[in-house]
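**Student:** Below is the structure I would like to discuss, written out as structure tokens.
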């Protein structure tokens, strides 16, 4: 099977490696190089680097125009595998592939169709996540399901944790999907009546309101890691939060909202919220290194009694 691979994100790197090991990847479509680092030098993404190292043809156009279509046609692919590419394909492009196109989507479709299923699952406090390989359709994430699996989301898991899990555990589902397509199996139609949707994450998501419940705040903190990272002011410093958990309790009801009330060596730095106690587990002062809560407290012994704003 001649596979054309489309991705711009490192979440797909392990899948590219394993697919290329077992199949004929005839080309890779990815995003153009982007400025990176202090010098803002152009840098290729991990997908492009891996494909180049394997001598696979790489296309990184700004626009998927007719010239790109002709180049892909000349590669004579059977199928396109898409995993976090980041652009919408026109029908003219999808029609290139005689066996069709499949997409890896990190949710239990039809739940969380759209661009941020992992972040949205954590933001909503879901305890179960999933990976779906679907046939691509013109309507976003609405194609027939070829393979699917689910996994546990723990209370303290971040989006970064789930990205890593999905990256390492998608390949077998891709193999299952490819095998089904090779045998003429078209998959199972989604029940669109059960569909839910998610939108792009942006910098507004990083703003915290300590009047919310501890459950809601920890969800936002964990959803915003690795980007855009939730934060709040403490005195004149910006504190960036990387991981949190929570306690359902009515204790400390007389304390001010946003107040750091206790350091618990076995649980975290405790903060009063509108409902319950937030446990800060990993955090940093802006411009400093990320620390676990014990290291952060050891370097900031005057925390107790201060109030986040």
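Note that Cβ sites are derived from N, Cα and C of the backbone, with glycine treated the same way.
What Swiss-Prot records for 107, 108, 109, 110 is (6S)-5,6,7,8-tetrahydrofolate binding site, and it gives sequence analysis as the kind of evidence.
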**Student:** Other than its own, how many Cβ atoms are within 10 Å of the Cβ belonging to residue 109 ((6S)-5,6,7,8-tetrahydrofolate binding site)?
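**Tutor:** The answer is 26.
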**Student:** Who sits close to residue 108 ((6S)-5,6,7,8-tetrahydrofolate binding site): which same-chain residues at least 6 apart have their Cβ under 8 Å from its Cβ?
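**Tutor:** In sequence order, 128, 129, 130, 132, 148, 150 meet the Cβ cut-off.
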**Student:** Between the binding-site residues 107, 110, whose Cβ has more other Cβ atoms within 10 Å than any of the rest?
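**Tutor:** Highest number of other Cβ atoms within 10 Å: 107.
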**Student:** Suppose the (6S)-5,6,7,8-tetrahydrofolate site is 107, 108, 109, 110. Which further residues of the same chain have a Cβ inside 8 angstroms of that site's Cβ centroid?
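**Tutor:** Checked against the 8 Å cutoff, the neighbours are 105, 111, 112, 113, 117, 130, 132, 141, 148, 190.
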